[in-house]
Amino acid sequence: MFYKIAQKVMFQMDPERAHHLAIGSLKMTANSPLTCLYGQTITPAPVSVMGLTFPNPVGLAAGMDKDGESIDAFHAMGFGHVEVGTVTPRPQPGNDLPRLFRLKPAKGIINRMGFNNKGVDNLVKNLIAKKTDIMVGVNIGKNKDTPVEQGKDDYLICMDKVYLHAAYIAVNISSPNTPGLRSLQYGDLLDELLSAIKTKQLELAEKHKKYVPIALKIAPDLTIEEIENIAQALIKNKFDGAIATNTTLTRDGVSGLANANESGGLSGKPLTELSTKVIKQLAICLKGQIPIIGVGGINSAEDALAKFDAGATMVQIYSGFIYQGPKLIKEIVNAYRLK
């Protein structure tokens, strides 16, 4: 009930202003009696992924809490894990406003945020300050002004800084809102990046006597051949996981709607089928050697079950969470337990 009232108010506001208000409010109320307004108890449904055991298979996707400011509040809602970021080595403002648009009739969102964040050092402070033991993945990217050819250096800088504070690290090369970033998904650039990241991971594991898994987040706008090539690169470089998928540049299912022609990545219900299709193809290519975290257009328990059936071991929600609220977490976990 509280979420429905809050949503009604926030949906009257500019989307980005509403987002900042929500994150700020959650930050203020976390670890206080006010968590009763959105907290809930969820029966555990443990799942093992990438050598880690999560209390349930539903996580918060990257992009919601970029700077890790409200981790404890999301823990109170019952998420099995929270993925913070995308974070870059240096703070950056992101793209020009406006850059976030609701497509309410389609339960979709278009964003062209451009990795706006306060930088990796700020994120690390927030990770150290969190009071709960929730599993936190850290999604890392490159700064906009870093040439693509030198992009791997940004990923290595972020890895070095977050390594001790992350349950796992997600490598984001699939956002459509950083010029040239998606080119890292192909050919020699992909292999060079994955190889450098794997080498760094093993160095850090030896240095800190702690192995932190690494997952690659991919786009939905890929051909079968491109998915096959990514799968082969993941296996070759012994990556621990894949996250499928990011937002899409297609506009299927939203034509004619207000804001549908805005540039950026489309998420939410219009992405559901495309994301599931990519997960299914990726699962075929990976042959069970690397687990998949499924994300993209999960608006109901049924959508989540379709991701599991396609080959995902765990799921993440973002747009569906905005439209449905915390109850979606419980609905998915309950459906998973009965599966």
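Glycine is no exception: its Cβ is also placed from the backbone N, Cα and C atoms.
Neighbours of K66 (FMN binding site), defined as other CB atoms within 10 A of its CB across all chains, total 22. The FMN binding site annotation in Swiss-Prot covers A62, G63, M64, D65, K66, T86, N139, N172, K217, T245, G268, G297, Y318, S319.
Annotated substrate binding site per Swiss-Prot: K66, N111, R112, M113, G114, F115, N172, N177, N246, T247, in sequence order, evidence recorded as sequence analysis. Neighbour density for N246 (substrate binding site): within 10 A of its CB lie 27 other CB atoms from the protein chains shown.
Swiss-Prot lists S175 with the feature active site, nucleophile, giving sequence analysis as the kind of evidence. Every protein chain shown contributes to the tally, and the Cβ of S175 (active site, nucleophile) ends up with 25 other Cβ atoms within 10 Å.
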Length of the line joining the Cα atoms of M64 (FMN binding site) and S175 (active site, nucleophile), in Å: 14
Residue among recorded positions R112, G114, S175 with Cα closest to the Cα of K66 (FMN binding site): G114
Proximal residue to N139 (FMN binding site) among recorded positions G114, N172, S175, N246 (C-alpha distance): N172
Conformational class of G268 (FMN binding site) under the three-state DSSP mapping: strand
